[in-house]
Amino acid sequence: MVPQAHGLLLLCFLLQLQGPLGTAVFITQEEAHGVLHRQRRANSLLEELWPGSLERECNEEQCSFEEAREIFKSPERTKQFWIVYSDGDQCASNPCQNGGTCQDHLKSYVCFCLLDFEGRNCEKSKNEQLICANENGDCDQYCRDHVGTKRTCSCHEDYTLQPDEVSCKPKVEYPCGRIPVVEKRNSSSRQGRIVGGNVCPKGECPWQAVLKINGLLLCGAVLLDARWIVTAAHCFDNIRYWGNITVVMGEHDFSEKDGDEQVRRVTQVIMPDKYIRGKINHDIALLRLHRPVTFTDYVVPLCLPEKSFSENTLARIRFSRVSGWGQLLDRGATALELMSIEVPRLMTQDCLEHAKHSSNTPKITENMFCAGYMDGTKDACKGDSGGPHATHYHGTWYLTGVVSWGEGCAAIGHIGVYTRVSQYIDWLVRHMDSKLQVGVFRLPLL
């Protein structure tokens, strides 16, 4: 009897486990997913308890970023691994040349080059790229190429080459080509575009000189040194007695004296022996002052550049500054305040083409260049002759031209012609060191 009771109880228990009659044999998709989903991959319950294995988690099977982070612990190491794991190693082909080191990035790479190389793949030699024809060799001022070695930089005598071997720092209180009043207020000099131009604020054209005869305006000029100025040779074409000529530095407004002016007499006038009166070829003159001027915030020389620097670098700069007190309009009144204008330099071919179609334009030679606006809105004018055409480069201004000739003030379709100073740099330097006495001299260019 007892065994039968036990069997009956067992049967009831099994029926209870099966559930009520009519229960469905299959479960829903959501329930099945809940049963089958595994939070972590492992071959056994014990493996879930083991520390993460790179071989097991990511090499044998595809792993997620979260799983990789559990393995590496460090976010930085995880990121480095994941870039290669998910995208492939962009450095595998060794793209960096000349000993460069490759760093893999997502779908890209970066090469860290050795000191003498540059470029995306370190393919460019700096010694080959750093030549004076390429952006002046990155030099602040003067650049010189050397066969077999990289270029070297140097500076004007008023400056010192810095340890970086490219920068030039002033070594005197008033170096040439700098504008003290602008630097002291730490602002940019106005870049206005003498006809249609702007007043040059006091002190912002500190190299501007003015030649006067018997107290009247004769020509403009430019200070190169404490004792020397440059102007146009044609300014003396009709002067019988040059002893009446004075030079004024620090002048700004003809209608008033403010105490910053310095007046000097002229003791020497030196012209090229090939200059012919009434012609404009070789239109340049060097004047010696009877005693040096004193450099101040309002009297500073303009830098006379090296010839190669002027021809290869400065000549490529489109806009330069011209200044003077010339007539504001053709046959009009002379300006009382110093005026300045930014003029574009014209291509030599355009200049020659213009001269070909103009009966008034002189024959353009290699000793000249043209600048100005063909619409006639802005131009140098009579009275500006001899004034500076100054070009700015890396914080310093240089003398690139001397105002020589123009067809009236801002005549439509006409341009200004300037003496190309680079043709006379050697001549100027040579005679600034001369021991000539008082007088007018015509000296050979060679």
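Yeah, the Cβs are placed from backbone N, Cα and C, and that goes for glycine too.
What Swiss-Prot records for this protein:
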type: DOMAIN; residues: 42-86; note: domain 'Gla'
type: DOMAIN; residues: 128-169; note: domain 'EGF-like 2'
type: DOMAIN; residues: 194-433; note: domain 'Peptidase S1'
type: CARBOHYD; residues: Ser93; note: O-linked glycosylation site
type: CARBOHYD; residues: Ser93; note: O-linked glycosylation site
type: CARBOHYD; residues: Asn186; note: N-linked glycosylation site
type: CARBOHYD; residues: Asn244; note: N-linked glycosylation site
type: MOD_RES; residues: Glu47; note: 4-carboxyglutamate
type: MOD_RES; residues: Glu48; note: 4-carboxyglutamate
type: MOD_RES; residues: Glu55; note: 4-carboxyglutamate
type: MOD_RES; residues: Glu57; note: 4-carboxyglutamate
type: MOD_RES; residues: Glu60; note: 4-carboxyglutamate
type: MOD_RES; residues: Glu61; note: 4-carboxyglutamate
type: MOD_RES; residues: Glu66; note: 4-carboxyglutamate
type: MOD_RES; residues: Glu67; note: 4-carboxyglutamate
type: MOD_RES; residues: Glu70; note: 4-carboxyglutamate
type: MOD_RES; residues: Glu76; note: 4-carboxyglutamate
The recorded positions listed are Glu76, Ser93, Asn244; by CA-CA distance, the one closest to Glu70 (4-carboxyglutamate) is Glu76
What same-chain residues lie close to the domain 'EGF-like 2' (128-169): Cβ under 8 Å, and 6 or more beyond its ends?
118, 175-177, 303, 305-306, 308-309, 312-313, 393-396
Spacing of the two Cα atoms, Ser93 (O-linked glycosylation site) and Glu76 (4-carboxyglutamate), in whole angstrom, works out to 24
In all the protein chains shown, the tally of other Cβ atoms within 10 Å of the Cβ of Glu70 (4-carboxyglutamate) is 15
Say you check the Cα of Asn244 (N-linked glycosylation site) against those of the modified residues Glu66, Glu67, Glu76; which is nearest?
Glu76
Structural state census, the domain 'EGF-like 2' (128-169) (DSSP three-state):
6 helix, 16 strand, 20 coil
